[in-house]
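According to Swiss-Prot:
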SIGNAL    1-22  signal peptide
DISULFID  CYS28-CYS114  disulfide bond
DISULFID  CYS31-CYS103  disulfide bond
DISULFID  CYS61-CYS72  disulfide bond
DISULFID  CYS148-CYS151  disulfide bond
Amino acid sequence: MNTSQIVLMFCLVVGVAQTALALKEDDCEVCVKTVRRFADTLDDATKKDYKLIEADFKKFCKTQKNKEQRFCYYLGGLEESATGILNELSKPLSWSMPAEKVCEKLKKMDAQICDLRYDKQIDLNNVDLKKLKVRDLKKILNDWDENCEGCLEKSDFIKRIEELKPKYTRSEL
């Protein structure tokens, strides 16, 4: 083999390895979806200045809940955040880097960013509430921003969910 063939083979192997190592949306779902949603809120002028992106991200984080709020905490987008790697988000976004690549860089800085996963949604029209754990019943109510005053038994939580079900779920026609 001559030198050019060896170089070509090396480049091919490196290219295949990079493709295999590339982050997929499922590997880092909360990061990718949150970065995409945030990037979609930015106007053209803001996208060019990483300082403005950081300021907008902090505003964006104030409205987030659950997993997205935890993501903001890890990056330093919340006032109570212990660390701050916000520039690892803002600078790549100012260069129009795709969300997957941004999250790949963030994962190298802090691996727990990609450990965040969305909870599986419970299909209330098809699930038997009696078979769920109390923890899951409480989570359903919490997701609806509802509480169950005086609920002690599982049957109390089920009764409350059944009362609220028409308000929060749509039945398919």
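Here the Cβ of each residue, glycine as well, is placed from N, Cα and C on the backbone.
Known features from Swiss-Prot, placed on the structure.
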| residue | record | DSSP class |
| --- | --- | --- |
| CYS28 | disulfide bond | helix |
| CYS61 | disulfide bond | helix |
| CYS72 | disulfide bond | helix |
| CYS103 | disulfide bond | helix |
| CYS114 | disulfide bond | helix |
| CYS148 | disulfide bond | coil |
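Sequence-distant neighbours of CYS72 (disulfide bond) (same chain, 6+ residues apart, CB-CB distance under 8 A): THR34, PHE57, PHE60, CYS61, GLN64, LEU78, SER81. Cα of CYS31 (disulfide bond) to Cα of CYS148 (disulfide bond): a span of 32 Å. Cβ contacts within 10 Å of CYS61 (disulfide bond), excluding its own Cβ and spanning all protein chains shown: 22. For CYS114 (disulfide bond), the spatially nearest entry among the disulfide-bonded residues CYS103, CYS148, CYS151 is CYS103, judged by CA separation. You'll find the Cα of CYS148 (disulfide bond) roughly 38 Å from the Cα of CYS103 (disulfide bond). Contacts of CYS28 (disulfide bond) defined by a Cβ separation under 8 A and a same-chain sequence distance of 6+ are given as GLU100, CYS103, GLU104, LYS107, ILE113, CYS114, LEU116, in order along the sequence.
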